[in-house]
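Participant: For 128-341, the entry in Swiss-Prot reads domain 'BURP', with the evidence type sequence analysis. The N-linked glycosylation site feature in Swiss-Prot is assigned to N90, N120, N181, N333. The feature signal peptide is assigned by Swiss-Prot to 1-25.
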Amino acid sequence: MATSFLFSLILLLITALSLPFPLHASSVDPLSAGATTVRYWNRKIPNNAPHPDFFLSLLSPLPASVSSSLSSPLSISPSICRSARLLCPNSTYFQSLSSTVFIDGCTFSYSCTFTYEHTNITIKPGIFFREQELKEGNVVRMPDIANELTTARSSFLPRSIADRIPFKAEAVKSLFGLEPNTTLAKAVDETVAQCQSSPSKGETKRCVTSAEDMIDFAVAMLGDDIVVRSTVLPNGPGESIMIGKVKGINGGKITSSVSCHEYLFPYMVYYCHSVPKIRVYEAEILSVQTKEKINSGVAICHIDTSAWNAGHPAFVALGGKPGQNKVCHWIFNGSMTWVIADKS
């Protein structure tokens, strides 16, 4: 019996390792946990909006049957870690990972401040800007929007597995065998601490550990006629770019959104928070030299910053105090924002 179960599990893992990287909903294996998520999306958001590639790429490649086959108590073996496209602690990626890569998620929390080894952190030029800078023909500094975390192609766990893992730092480190004081162990500590911190005034937040959890939160905050947007390609980072055509989503009216930012964790975790009183823009990003389009960017402008922490990186970069100025930033490659479907 045990031999038969082990053989079946090995076959499932081989299948998972051979699954194609998803690009379109139709290409997601119908027996995978990712396909289950696509069907869940269609039930919860019935507006026939396309499923963007950047979201599909995060879905679990595991066959749906694997999650029900895992033993109890749950254990994550190296083979499961690889086949589920998780960030395994013994991978080459983690040996070269910078100790500060996971700070960017905090950057977009209202309450974020330099509290965790941030003393010598340099804020990326162009990461924050004024709303008036987002104008066709302007030449601005584009920050490095290529999120280092996305290079590892990590995935969400199936919800049935993620829900079985206590969202506690010691439990996660034990489950994944993380050594103390390693980059990943420190990131787990920081992520859990940020997720468990109290929300700022006017903010509703949730750290989501599955794609279904993210969908639920976005629908709860905005309703079911929504779409998710992100910067399309990581072109133009760290250099001056020209702003092309700019479109205000929903006519540029003040609205609300749910923004989600990736945290460094053994499996995919996003810090999602409701963002009231914002304007969302889509902008063409052009080469200064050729004037040719090299990217499509999504930017959010926060109209009311009165509830933000006075030590927030935006005020360090732009000056001013909470409530004095509007603050805009690009949605980084790897982050995303959910908004009400555009009617304009």
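Using the three backbone atoms N, Cα and C, a Cβ is placed for every residue, glycine included.
Provide an account of the burial state, proximal residues and distances for the features listed.
Facilitator: Within the same chain, no residue at least 6 positions away in sequence has its Cβ under 8 Å from that of N181 (N-linked glycosylation site).
Residue density at N333 (N-linked glycosylation site): 23 other Cβ atoms are found within 10 A of its Cβ, drawing on all protein chains shown.
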Participant: For the domain 'BURP' (128-341), provide the mean pLDDT of the predicted model.
Facilitator: 88
